[in-house]
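A.B. asks: I have a structure I would like to understand better, so I am pasting it below and will then ask my questions one at a time.
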Amino acid sequence: SGVPLGGAPAHHGMFVDPDFPAEESSLFCDYTTPLPKLLGDVTWLRPQEICKQPQLFPDDPVEAHPKQGILGDCWLLCACSMLLKNQHLLNKVFPPEQPLWGDRVYHGEFRVQFWQNGRWIEVRVDDQLPCVNDTLCFSRCQSPRAFWVALLEKAYAKLHGSYERLWAGQVCEAVVDLSGTIAVRWSLKGTESSQQPKDSQTQHTPNGMRLSELSLELKERCAISCCVHSFVAGIPELGQYHAMSVMEWTNVTTTTGEQVELIRIRNPWGRRSWNGVWRERYGPSCSQALLGRTAEGEFWMDETEFQQEFDEVTVGCPLSETGHLQSIYTGSYLTHSHQIGGRWVKGHSAGGCRNNNTFSINPKFWLKVCERGEVLLSLLQYGHPEPPAEGRTQQHSHLQAIALHVWKVPDGDSLLSPGAMSPVVSCVPHAHSQEVSVFCHLQPGKYIIIPSTYQPELSAHFTLTFTCRINR
């Protein structure tokens, strides 16, 4: 069950949310984005005032996909693809059997749940939505009659304090907030490691895996997105700092007999933004068949183009209906989990990263592995000196840059000096994320795990979670 966050029903008529009113205070926070251009133009309308016979979800699943408006929250919309692939997660975020338009008990209130600080919390909103010229101005569904995306976006904006706070974010954080899973991301480009401190090596593709090596079953259930961090030379249509969803892979044969993998990508802007060269290599019937499988805003790329044009990939690990996480590397369900809390305390146990000679004073955790197996280590930080109270939101501006390292303790050695040897596993570089994680295969033995902030002398609470599969 979720923890409710604000809102009380009005005494007469429709529900009006006093904590997130249909006013400018819900739209803007610091007026630093292009959003204030809308000042004075926004009206707030309920779905039945926007169209006839509104729906939460459309009858055609293709029409349920999100389409971006003038708010820069493509990172949130990419995470929505995981919900559309997993009905049990969609039911968790949107609890079923809520009163809808046309129902006798409908009164304009919706409940949406988000995963925050290791638990589900409930956010209640009214269904007054921001519009310009009687049309939704922010995110919407492909179907103009479906409103699940607009309502989810409003609840997420309330969670963060305003719509403007959703301008620019990380896909991995939205994936976690909408599912409670672990998000893995990696770079598709090389790094100039000589310009980085020794504590900031980048894991380009986790465990050396290429995106194409994901199993078909995982591809169908994962939330997979790709993003560009800057304008691509000569290809401005891909945009800057823009995230898109990976929808499908397929193997095709070129006119020369070569087997090539094509990737279907959805641009939340809702328009095709890439022509590429792939069609030149295939027969007309093959090209037409592939184009027939694209919906509005979708396009095909071959894997070589994909690696060249995008900078980063994010994958949300599938979750079973019983809440067990599935590894994207082995396909195994990790069914056993253990959590332990800790904290960095200024002047006592806040040693910072490995670049600091105070690193060894960071909190240490011992792990005994009895048989070789896959382990997921995740580090969740709380952005305030105290874990958030009931219903309290977490603002990302308070998050520290965090990471964790794992050392194998030599047999018979109980006093390991972390500076004397290299870690066997590292989750680096330090990231300003609420949670960082790493999958690894560990041999039997004893290990020491050290979580850290990048800067020393910073206090914060955290939770360290060990998740694995135990074969019995």
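Backbone N, Cα and C atoms are what each Cβ position is placed from, and that goes for glycine too.
According to TrEMBL:
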- Cys74: active site (ACT_SITE)
- His242: active site (ACT_SITE)
- Asn267: active site (ACT_SITE)
- 14-315: domain 'Calpain catalytic' (DOMAIN)
A.B. asks: Quick check: in three-state DSSP terms, what is Cys74 (active site)?
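C.D. replies: Helix, per DSSP.
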A.B. asks: Cys74 (active site) to His242 (active site): how many Å between their Cα atoms?
C.D. replies: 7
A.B. asks: Which of these active-site residues has the least crowded Cβ, counting other Cβ atoms within 10 Å: Cys74, His242?
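C.D. replies: Candidates: the active-site residues Cys74, His242. Fewest Cβ atoms within 10 Å: His242.
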A.B. asks: What does DSSP call His242 (active site) in the simple three-state scheme?
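C.D. replies: Assignment for His242 (active site) reads strand.
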A.B. asks: If you draw a 10 Å sphere on the Cβ of Asn267 (active site), how many other Cβ atoms land inside?
C.D. replies: 23
A.B. asks: How many whole Å apart are the CA atoms of Asn267 (active site) and His242 (active site)?
C.D. replies: 9
